[in-house]
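S.K.: Take a look at the following structure, please.
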Amino acid sequence: MSTQSKGRKITTSVIRGMKKKGEKITMLTAYDYAMASLLDEVGVEMLLVGDSLGMVVLGYESTLPVTMNDMLHHTRAVSRGANNAMVVADLPFMSYQCSVEEAVRNAGRFLQEAGAHAVKLEGGREIAESVKRMTVSGIPVVGHLGLTPQSVQQFGGFKVQGKGDAAAQRIMEDAKIIEEAGAFSVVLECVPAPLAQRITDDLAIPTIGIGAGAGCDGQVLVVNDMLGIYERFTPKFVKKYANLSDNIRGAVKQYIEEVKNGTFPDQDHSFL
C-alpha cells in the first residue's frame, strides 16, 4: 500500500477507487512468504504471484513449463505473508485455454485452495467468455494485454506490441472487451506509452503498466529484477533499485572465510 492506503485491506473496490482518485497503484511480484511479508509491510498494494517464477525462481527459459501445482504452491506461501495487500495469482499456460469450464475451475482453485484474492490471465477477446464466467462465479479477474509471455513463441520473442495502427487498434478493442467481460483491472505489457495512455483514458478500470510508460494507473515489476537478484536478463523497462546479488555474494564469501579460518561461530553465537 501507499502511504494513503497502508494498513487497510486492499480489495477490488479499493483498487478501482484509486483510479478514480488519481492515486497510483503499486504491484510487485512475490513468490514466497518472506518476500510477501516484506512487501506487504512497506505498503505494496498488489502482490502478483507471477508465472515469471518459472524463470526467476525455477530456472526455466520461459514461463511455459510452469504448472498449476507450481502456482498453487507459491500462492499459498505468498498468501500467508500478505496481511493487507491483494494477492493476484497467474493462471499458468494451458490451465485456461482448452475450455471455459476448465478455466473457471482452475481459477477457483487459487481462491479456494491457495488464499488468492484474484487471478490474472493473458489474452483479449479470445478469453472474454472465461473472464465473464469467472466474474459471475465470484472470481475477481485481472486481464493482461500487449506482450503476453505465454504466447512468446507465437510472437517470435519478447517484442514490443501494438506499434502499428492495426495492432494498436486491436489491443485497444481487446482492453474494452476484457473490461466489459468483468475484469477489474488490466496489465499492459511492453506497449508504446502513447497507446497505454489512450487505453488508460478509455477504460473505467485501472491499467497496470510494465514497460508501458508512466500514463498507466499503476506499475508492476518482477521483484527479482528490480532488486538486482536475477541476472540472466534485464528488460529495458526495469529500473534496478538495488543490486542485491553483490550483497549476497559478499555476505556468503565472508561466511565461507570465517568458517574456514575458525572465527565463526564465536562465543556470541555459541551456547556456553
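Any Cβ shown, glycine's included, is placed from N, Cα and C.
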S.K.: Would you identify which residue of Asp32, Asp90, Asp165 Swiss-Prot lists as part of the 3-methyl-2-oxobutanoate site it also attributes to Asp51, Ser52, Lys120?
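M.R.: Among the candidates, Swiss-Prot records only Asp90 at this 3-methyl-2-oxobutanoate site.
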S.K.: Quick one: give me the count of other CB atoms within 10 A of the CB of Lys120 (3-methyl-2-oxobutanoate binding site).
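M.R.: If we count other Cβ atoms within 10 Å of Lys120 (3-methyl-2-oxobutanoate binding site), we arrive at 26.
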S.K.: Note down the number of other Cβ atoms within 10 Å of the Cβ of Glu122 (Mg(2+) binding site), including every protein chain shown.
M.R.: 24
S.K.: Round to a whole number and give the Cα-to-Cα distance in Å for the pair Lys120 (3-methyl-2-oxobutanoate binding site) and Glu189 (active site, proton acceptor).
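M.R.: So the Cα of Glu189 (active site, proton acceptor) lies 13 Å away from that of Lys120 (3-methyl-2-oxobutanoate binding site).
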S.K.: For Ser52 (3-methyl-2-oxobutanoate binding site), just give me the three-state DSSP call.
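M.R.: In three-state terms, Ser52 (3-methyl-2-oxobutanoate binding site) counts as coil.
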